[in-house]
Amino acid sequence: MSAAPATSPSRSRDGTAASLLNDEERARIRAKSAQFAPPPAALPDGRRDLVGLSREELTDIMVEIGEKPFRTKQLWHWIYHQGATDFSRMSSIARPLQEKLAERFVIGRPGVVTEQTSQDSTRKFLFRFRDGQEAETVYIPDRQEDRGAVCISSQVGCTLSCTFCHTGTQALVRNLGAAEIVGQFMAARDSYGEWPSPKGETPRLLSTIVLMGMGEPLYNYDNVAKAMRIIMDGEGIGLSRRRITLSTSGVVPMMDQCGAELGINLAVSLHAVRDDLRDEIVPLNRKYPIREVIAACRRYPAASNARRITFEYIMLRGINDSEADARELVRLISGIPAKVNLIPFNPWPGSSYRPSTREQLDRFAKIVMDAGFASPIRMPRGRDILAACGQLRTESQRLRRAAGQPDAAPEAEDAGA
Ligand code: SF4
């Protein structure tokens with residue numbers, strides 16, 4: 001298991017925001033992230049995947065092969081609006097060019113290893129990428145309406161070792177590339193037959209994205225940002241920034257960057273209201289303590305009453321679920337347009353935590369609600385297919401091991417600190 005990040009020697013617990021908000025800190029995080037870069041998005045025969053390229057990159061490639069830049073617009077439409085995976089389907093492109101493109105490029109999707117649908121209609125995909133690495137994606141339908149959220153992974157494994165999270169017991173293997181992040185959403189759409197992309201407010205099943213699957217998305221910011229820009233592009237998938245939520249354990253310098261550049265919704269895995277406890281539950285707290293995380297939330301530009309910051313709070317019996325904890329939570333987030341998702345803990349073998357009682361959950365929720373914050377108790381979804389929070393991939397990996405199948409790759413070192 002990777003080591004927990006250590007406190008930076010250059011910063012004290014009550015260090016100022018100014019000491020954090022500098023390019024040096026972001027450059028350091030990016031340099032570390034680059035050590036876990038995904039492999040090139042290409043096939044062994046040299047054909048390159050067009051999914052995951054920015055418009056500018058796509059244009060450069062068209063020019064390289066002697067085509068006019070306007071081909072980008074056509075290809076973008078076919079790839080991201082129509083969902084085409086075959087150049088021969090692109091009826092607005094002449095046959096000779098279709099053939100030329102097919103010789104050089106592919107429009108890829110991750111391979112579907114398994115696809116399971118829960119009794120509550122949650123659907124979990126285990127995807128395999130070209131180098132054999134795997135990650136899980138979950139579609140969680142809304143209970144009332146014909147829509148739902150796609151929970152996407154951003155890394156294979158995770159570096160953060162949050163102690164309540166079974167997924168976090170798997171060390172980081174590598175970051176997912178933009179093609180692999182967009183590809184999860186596109187492959188889920190394939191499964192629901194949701195092409196061409198619905199326009200504007202036309203109802204769609206896969207209506208929101210939550211970056212809450214495996215991994216810390218802000219430790220893979222460049223790939224995540226590129227993927228989200230592709231998904232938000234109005235001439236393709238066209239999902240509004242209001243329909244995308246990134247969940248972080250509190251990588252403060254990158255929260256600022258995400259807010260400034262992407263303006264998507266933010267969810268913060270808070271889980272404790274005292275630093276001594278959060279140091280233990282979310283070890284990243286030793287690097288970015290509660291005070292700095294909350295200050296970054298106050299600065300987050302997309303936060304407003306219409307677009308509240310979500311605080312995720314896992315309810316652990318006798319650990320973080322007292323009424324005093326609830327009151328301190330309310331004090332901490334006072335003045336932030338926010339809601340608090342209370343998550344019942346999902347016990348897993350080897351974990352010493354127990355879920356809070358229903359009575360305690362209700363008491364906690366009431367204090368938060370009485371202070372003016374929505375505090376829904378998030379009931380676990382897809383439990384029968386092991387798709388609930390913190391269970392991603394771990395069970396798939398265990399089942400594969402039990403069946404005598406090897407893991408895809410060796411474990412890697414901590415990339416976070
Ligand atoms: S909760 Fe998220 S960030 Fe923490 S270990 Fe699990 S996957 Fe990683």
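Backbone N, Cα and C atoms are what each Cβ position is placed from, and that goes for glycine too.
The region 'Disordered' annotation in TrEMBL covers 1-24, 397-417. Per TrEMBL, active site, proton acceptor is recorded for Glu136. The domain 'Radical SAM core' annotation in TrEMBL covers 144-383. According to TrEMBL, the S-adenosyl-L-methionine binding site annotation covers Gly215, Glu216, Ser247, Ser269, Leu270, His271, Asn346. Feature annotation from TrEMBL assigns active site, S-methylcysteine intermediate to Cys389.
A mean pLDDT of 93 is what the model gives for the domain 'Radical SAM core' (144-383). When Cβ atoms from all protein chains are considered, those within 10 Å of Leu270 (S-adenosyl-L-methionine binding site) total 27, not counting its own. Sequence-distant contacts (6 or more apart, same chain, Cβ under 8 Å) of Ser269 (S-adenosyl-L-methionine binding site) comprise Cys162, Ser247, Thr248, Ser249, Gly250, Val282, Glu312. Annotation: Glu216 carries the greatest number of neighbouring Cβ atoms among the recorded positions Glu136, Glu216 [cut-off 10 Å, Cβ to Cβ].
Cβ contacts within 10 Å of Asn346 (S-adenosyl-L-methionine binding site), excluding its own Cβ and spanning all protein chains shown: 19.
Once the Cα atoms of Gly215, Glu216, Ser247, Ser269, Leu270, His271, Asn346, the listed binders of S-adenosyl-L-methionine, are compared pairwise, the greatest separation found is 20 Å. Calculated from their C-alpha atoms, the gap between Asn346 (S-adenosyl-L-methionine binding site) and Glu136 (active site, proton acceptor) amounts to 18 Å.
In this structure, Glu216 are the recorded positions from Glu136, Glu216, Ser247, His271 whose C-beta falls under 6 Å of some atom of ligand 1.
The two recorded residues, Leu270 (S-adenosyl-L-methionine binding site) and the residue listed as 'active site, proton acceptor', show a Cα separation of 23 Å.
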